[in-house]
Amino acid sequence: MEQVVIVDAIRTPMGRSKGGAFRNVRAEDLSAHLMRSLLARNPALEAAALDDIYWGCVQQTLEQGFNIARNAALLAEVPHSVPAVTVNRLCGSSMQALHDAARMIMTGDAQACLVGGVEHMGHVPMSHGVDFHPGLSRNVAKAAGMMGLTAEMLARMHGISREMQDAFAARSHARAWAATQSGAFKNEIIPTGGHDADGVLKQFNYDEVIRPETTVEALATLRPAFDPVNGTVTAGTSSALSDGAAAMLVMSESRAHELGLKPRARVRSMAVVGCNPSIMGYGPVPASKLALKKAGLSASDIGVFEMNEAFAAQILPCIKDLGLMEQIDEKINLNGGAIALGHPLGCSGARISTTLLNLMERKDVQFGLATMCIGLGQGIATVFERV
């Protein structure tokens, strides 16, 4: 079976969804920009040699509809002979895109693929056109479709206090801002055209969603956002709304060597699981455990974790049940996470994987794990190994 390697991984800056940098930039353009950039950064691979493009996107309507993967590829002037497919596993869509490409390569049906994902939550809101089947309430609590309430449920079940959530959210912003200031994101962010507050076209090379002024004291003043009477989850401890895309060049190890391209990491194992929709945010725990089992590893073998921060109330129970509470500052989301950077749904899986690869290199660790919860009760995880 072929070894699957990541040759390159990049992302756009994360733009604020409400009147932000990409308010006049379409999702297809964000995607095409990264496709072009990956090919330009790796000229040894001819675009015509790509076997497929797998692109995650959740709200597949309006500008994100009608197979955005293909539309973006055409905009990027990828040869018409290269196919493209849009993947939807809600929050895990672009990580699923990676898994789909990896399996094609493992079986020998592909040698080189572009994978990634996008979500423009300013142009196509998360709730746009959502119409749950009324019969679902016979089998699943109606609140299971309300992500904030599932986070409230997890917080109550696991004893996660408001103070713990506020502290974690402040940490996310502080670490993301420190990473920005130190240049830690420089290797992954591709400058992307957008508009500043005055409408002037400019190149953005930083995440505009981060709030460096965030403090625990300020967060403590916010009202609960989803359960106004008994709740502890606020807008400040939830993932920000942002627009962005991320992309990776995935190849068989043999093809990368043929072309003289240096792999950055191998895909060591992959896992996806289901869980109770009412605690959808718990999905990373069984997904991570399954991925570790497939890799023949334990959590202690992992040098760095990237865990998507849907909510502080959601990620903290996952950290606790993976036995990592004492290692948060050494291993988990060292450059902040979605609370600070936002969670553009179809983008985030590739985004956290991209950040993870850079952290693995910077920390000089052998293994890294990226994992996410998924709306309606799923979890997805990938173990990477440095080459």
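Residue numbers in this text run from 1 along the chain shown.
Even glycines carry a Cβ here, placed using N, Cα and C.
Taken verbatim from Swiss-Prot:
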ACT_SITE  Cys91  active site, acyl-thioester intermediate
ACT_SITE  His343  active site, proton acceptor
ACT_SITE  Cys373  active site, proton acceptor
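Feature annotations (Swiss-Prot) mapped to structure.
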residue: Cys91; record: active site, acyl-thioester intermediate; DSSP (3 states): strand
residue: His343; record: active site, proton acceptor; DSSP (3 states): coil
residue: Cys373; record: active site, proton acceptor; DSSP (3 states): strand
#### Entry: Cβ neighbour count within 10 Å of Cys373 (active site, proton acceptor)
32
### Query
Roughly how many angstrom lie between the C-alpha atoms of His343 (active site, proton acceptor) and Cys91 (active site, acyl-thioester intermediate)?
8
